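Now, the feature entries from TrEMBL:
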type	residues	note
ACT_SITE	Ser234	active site, nucleophile
ACT_SITE	His299	active site
DOMAIN	166-315	domain 'Peptidase S54 rhomboid'
TRANSMEM	120-139	transmembrane segment
TRANSMEM	203-223	transmembrane segment
TRANSMEM	235-254	transmembrane segment
TRANSMEM	261-283	transmembrane segment
TRANSMEM	295-314	transmembrane segment
TRANSMEM	326-347	transmembrane segment
Amino acid sequence: QLDPENTGFIGVETFASLVHSHELPLDPAKLDMLVALAQGNDEGQVCYQELVDLISSKRSSSFKRAIANGQRALPRDVLLDETGLGIYKRFVRYVAYEILPCEMDRRWYFYQHRACPPPIFMAAVTLTQIIVFLCYGARLNKWVLQTYHPEYMKSPLVYHPGHRARAWRFLTYMFMHVGLEQLGFNALLQLMIGVPLEMVHGILRISFLYLAGVLAGSLTVSITDMRAPLVGGSGGVYALCSAHLANVVMNWAGMRCPYKLLRMVLALVCMSSEVGRAVWLRFSPPLPASGPQPSFMAHLAGAIVGISMGLTILRSYEESLQEQCGWWVLLLSYGTFLLFAVFWNIFAYDLLGAQIPPPP
């Protein structure tokens, strides 16, 4: 009735009177965004498709356009000034300031966040890793450096170059760990960084990033360290951590997480020490071993995935990845690497005459 010519637009005054006369139950934050969009264009009109996108919380460029074109029309309340919040809402506010660099992004996330679905992916992966570790620890009666037990490497979950044909091992190795120290480090980072990232960016994006780091880690090891087996979720962990740290650096002025410089230094020191420890265990094991030790190359591969693909994902909050040319370039590059790695594992070992250790 208000758009007889079916243009998809109506005036902002008409829309405001419609809202008040019918008492539509619209989210105030989304209504602010829609009004900002209308006041940001030349005609001062409300677009029907933008209304649908905002009300449905669809990942689109509408939100970013609202910020760019109509920011002066939006409320300028600082999220930290919110009072009377419960424990969970305070945690959501903490996550917003930990992950997002823009105050408007933080407010948008805070007001539209819903507890369901919960961040189950990182919690489920971490819980599974702990259960698997406890099961093998109880079975082998060994809780530190489990890989030195001859029965440990016989697990159907471990990646071993002699079992490359069992393709599931390129992913399931993430549930196995060298020992208590590696498990504790990975579990801590997955819960402290992975869970907040999943709360903000959703299960699909973060699970894709984590699994892309895991798969890139095992395939990189199969190319660069052809005699080495692989255990641990470090490829996925480093993909998450490097993406988050790169996002913080790229948006340093806008980040409001406390003690960000100190936390950045501590994170880099911990990650570097973990890589150094993995290198030491690979080439100078503290105990005599009958075969090669797990490789460290998965750490570096995960970091590369995080800085490239992960940074694009984290910088695209509330925007569709499919609309970005850079995302398709990264996805094509990753797909090309996977294809190359598959052919390498099929043909290169025989062509190069690689002397791989016999599978356990």
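If you go along the chain as it appears here, the first residue is 1 and each next one adds 1.
Any Cβ shown, glycine's included, is placed from N, Cα and C.
Here the C-alpha separation of Ser234 (active site, nucleophile) and His299 (active site) works out to 6 Å.
Just so you know, the Cβ of Ser234 (active site, nucleophile) picks up 33 other Cβ atoms within 10 Å once every protein chain is counted.
The average pLDDT computed over the domain 'Peptidase S54 rhomboid' (166-315) stands at 87. With a 10 A radius on its CB, the residue listed as 'active site' counts 23 other CB atoms from all the protein chains.
With helix defined as DSSP H, G or I and strand as E or B, the domain 'Peptidase S54 rhomboid' (166-315) counts 110 helix, 1 strand, 39 coil.
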